[in-house]
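S.K.: So TrEMBL has the following annotated:
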type     : residues                                       : note
ACT_SITE : Glu456                                         : active site, proton donor/acceptor
ACT_SITE : Glu465                                         : active site, proton donor/acceptor
BINDING  : Tyr344, Lys353, Tyr354, Glu412, Asp440, Met441 : S-adenosyl-L-methionine binding site
DOMAIN   : 37-310                                         : domain 'PRMT5 TIM barrel'
DOMAIN   : 316-485                                        : domain 'PRMT5 arginine-N-methyltransferase'
DOMAIN   : 488-654                                        : domain 'PRMT5 oligomerisation'
SITE     : Phe347                                         : site 'Critical for specifying symmetric addition of methyl groups'
Amino acid sequence: MPLGDNLGDKNDSRYCGVETEFNDDVPHVLSYNINGGFDFVVAPLMEPGYRPSLVNTVSRASSVLPVAGSDLVLSPAQWSSHVVGKISSWIDLDSEDDVLREDSEIALKQELAWASHLSLQACLLPTPKGNSCANYARCVNQILQNLNNMQLWLRIPLVKSDDNDDDSVNGGTSDGMAVEPNDSWEIWNSFRESCEHHSQLSIALDVLSSLPSVNSLGRWFGEPVKAAIVHTDSFLTNARGYPCLSKRHQKLLSGFFFYSIQIVLSGKAVHKLPAGSSMSGSGQTDNYAQQAQRHEIRSYLDYIGYLYQKMEPLPEQERFELGYRDFLQSPLQPLMDNLEAQTYETFEKDSVKYIQYQRAVSKALVDRIPDENASTTTVVLMVVGAGRGPLVRASLQAAEETGRKLKVFAVEKNPNAIVTLHSLVKLEGWENLVTIISCDMRCWEAPEKADILVSELLGSFGDNELSPECLDGAQRFLKPDGISIPSSYTSFIQPVTTSKLYNDVKLHNDLLHFETAYVVKLHRLAKLSPSQSVFTFTHPNYSPNKSNQRYKKLRFEVPIETGSSIVHGFAGYFDAVLYKDVHLGIEPSTATPNMFSWFPIFFPLRSPVYVKAGSPLDFHIWRCCGNTKVWYEWCVTSPTASPIHNCNGRSYWVGL
């Protein structure tokens with residue numbers, strides 16, 4: 001039974017599982033736990049005492065594996081929807097005992113083959129034992145090469161001590177699979193590196209009674225965590241004698257819910273509930289007869305459900321953007337291509353953006369024309385890249401609001417949008433106020449100079465849709481003291497862990513996609529360091545030697561308490577000053593609330609970069625300009641050197 005349905009989306013974290021012991025009566029195990037309120041079980045598939053080496057060699061060919069039950073005891077839908085296979089915990093593929101190591105390899109392959117036969121959606125792999133897991137990773141990687149759609153959840157304890165002395169940081173082995181013993185993330189990273197970042201290898205985090213630092217926990221949200229196993233002995237007892245979690249655990253679970261990570265409860269009941277009643281987290285009380293039939297750890301499940309239902313519903317904007325989460329989109333080619341009606345409509349729905357533009361135009365009009373001249377002076381305003389007219393409307397509303405007289409030129413190169421503009425002007429009765437120009441702004445010869453030049457040519461990275469080139473070309477329309485809206489914009493960038501996006505790019509199996517910057521609604525990621533400013537452009541730009549080529553070197557410091565991390569790429573944003581104190585942007589620390597016209601941009605790395613705790617990360621980015629195109633190149637030079645991505649714009653560029 002789902003925990004709730006108050007988030008407004010089909011969040012997988014609504015479904016809660018329970019870890020069970022081996023039982024050869026699988027139908028009973030499933031019905032007991034499903035009737036007890038759980039949605040799925042994490043159940044052993046093989047009798048725990050089974051060892052391949054103990055099977056008589058003569059009878060091995062005819063022996064039957066001691067599985068929990070035939071595939072016929074449940075329907076295919078039940079196996080697939082309600083059972084996660086739990087691989088035997090005794091398995092140790094890196095044991096120095098040859099017999100145990102060989103038994104482990106045989107059993108692992110047998111159990112996963114059986115799980116695949118059952119069409120299970122996922123299997124839980126045991127935690128690697130010790131600091132070296134090379135052979136374990138090798139065997140899992142072999143299996144992954146021929147696996148069906150099943151996910152393998154590697155069980156990793158959520159552990160990181162704050163002890164960063166030299167002995168712990170430098171500890172390890174010489175086999176290339178050394179890990180820092182005080183940080184379980186290192187175990188995961190070593191394992192997934194050996195498995196080539198395979199998209200079907202994911203994580204089940206063991207959540208224990210003590211938690212690492214907040215920064216350290218944040219790393220995991222960029223990793224492919226599918227489940228969080230919460231142990232009953234991690235629960236505290238509230239004043240009424242019922243199980244509850246610490247504030248830090250509650251906040252962590254809220255993060256799991258938000259990122260669609262499923263909760264799995266594990267362990268026996270360790271709380272003796274008050275006699276005669278059992279309170280769910282929502283405050284409901286059952287009588288003794290009902291309590292006798294309740295699942296042994298139902299009170300823990302009720303508390304998890306209570307936390308889920310306490311979450312705030314998704315705001316309307318987030319619900320609108322659900323389908324775009326972590327979906328890679330190629331940036332627009334605004335000069336080469338004409339936008340479609342659906343694209344215009346999406347942008348035009350962003351009322352927040354146009355309110356900011358209207359505020360900026362209002363302030364500019366008031367500064368431009370004193371009140372005493374308002375009725376006698378007409379301001380010439382040009383909207384370059386007018387689209388279907390939202391900036392024209394915002395400008396005219398600003399004029400009405402401030403009592404200024406306005407003459408508008410709406411310049412647009414898209415002949416399809418021009419049709420809409422003419423209809424709008426006629427519909428609104430703007431014939432005496434608005435002149436429509438069907439022309440590329442770079443080719444148009446204006447009949448008079450403008451007081452104000454208004455545009456919305458910004459991309460997710462500020463300058464990535466050629467706003468500098470377009471506005472430099474349109475600058476000739478402005479009077480010497482004319483105003484450009486926007487007056488400046490700055491791009492920002494920061495390193496991120498985002499296993500989801502990295503694997504989506506890797507699926508294409510080519511260089512081109514790793515050298516393309518994508519527009520994406522970032523969701524499953526960890527921001528490793530605060531964003532830093534990159535390129536700034538100011539308009540109008542009267543510099544005699546102006547060039548739109550740029551280069552920036554940035555050094556990012558990942559907080560040492562975060563621990564080591566992996567960088568899959570860089571998230572880019574922008575912030576724009578429209579006029580004086582009116583701004584809009586998507587840089588996280590200053591983002592304009594409730595604005596959805598721009599998602600961030602993502603610059604991937606061909607090979608993820610491992611950054612050791614406390615080490616700096618040096619990033620270089622170039623904005624290059626040619627006769628027919630503009631492109632970015634980027635690379636990392638520390639702690640390790642990456643190739644320079646997109647050399648000469650060979651994979652990704654914006655056409656002039």
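Note that the numbers count up from 1, one per residue, in the order the chain is shown.
Every residue, even glycine, has its Cβ placed from backbone N, Cα and C.
Bear in mind that TrEMBL entries carry predicted annotations, made automatically and left uncurated.
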S.K.: May I ask for the distance between Glu465 (active site, proton donor/acceptor) and Asp440 (S-adenosyl-L-methionine binding site), taken between their Cα atoms and rounded to an integer number of Å?
M.R.: 15
S.K.: In whole Å, could you give the widest CA to CA gap in the S-adenosyl-L-methionine site formed by Tyr344, Lys353, Tyr354, Glu412, Asp440, Met441?
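M.R.: Taking every pair among Tyr344, Lys353, Tyr354, Glu412, Asp440, Met441, the longest Cα gap is 24 Å.
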S.K.: From the Cα of Lys353 (S-adenosyl-L-methionine binding site) across to the Cα of Glu456 (active site, proton donor/acceptor), what is the distance in angstrom?
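M.R.: About 10 Å separate the Cα atoms of these two residues.
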S.K.: So what sits near Phe347 (site 'Critical for specifying symmetric addition of methyl groups') in its own chain, CB-to-CB under 8 Å and at least six residues off in sequence?
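M.R.: Non-local contacts for Phe347 (site 'Critical for specifying symmetric addition of methyl groups'): Lys353, Gly387, Pro390, Ser597.
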S.K.: By a simple count, how many Cβ atoms lie within 10 Å of the Cβ of Lys353 (S-adenosyl-L-methionine binding site), its own Cβ left out?
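M.R.: Taking all protein chains shown, Lys353 (S-adenosyl-L-methionine binding site) has 24 Cβ neighbours within 10 Å.
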S.K.: Please list residues from the chain of Tyr344 (S-adenosyl-L-methionine binding site) whose Cβ is under 8 angstroms from its Cβ, counting only those at least six apart in sequence.
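M.R.: Spatial neighbours, sequence-distant, of Tyr344 (S-adenosyl-L-methionine binding site): Gly387, Arg388, Ala417, Thr420.
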S.K.: Validating a neighbour-count step here. Other CB atoms within 10 A of the CB of Glu465 (active site, proton donor/acceptor): how many?
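M.R.: If we count other Cβ atoms within 10 Å of Glu465 (active site, proton donor/acceptor), we arrive at 22.
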S.K.: Check each residue in the chain of Glu412 (S-adenosyl-L-methionine binding site) that is at least six apart in sequence and keep those whose C-beta is under 8 Å from its C-beta; list them in sequence order.
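M.R.: Those within reach of Glu412 (S-adenosyl-L-methionine binding site), by Cβ under 8 Å and sequence separation of 6 or more, are Gly385, Ala386, Gly387, Ile418, Leu421, Ile436, Ile437, Ser438.
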S.K.: List the same-chain residues at least 6 positions away in sequence whose Cβ sits under 8 Å from the Cβ of Asp440 (S-adenosyl-L-methionine binding site), in sequence order, or say none.
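M.R.: In sequence order, Leu335, Lys413 meet the Cβ cut-off.
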S.K.: What is the Cβ neighbour count of Met441 (S-adenosyl-L-methionine binding site) at a 10 Å cut-off, with all protein chains included?
M.R.: 25
S.K.: Highest CB neighbour count within 10 A among the recorded positions Tyr354, Glu456?
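M.R.: Result of the Cβ crowding comparison: Glu456.
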S.K.: Averaged over the domain 'PRMT5 arginine-N-methyltransferase' (316-485), what pLDDT does the predicted model reach?
M.R.: 95
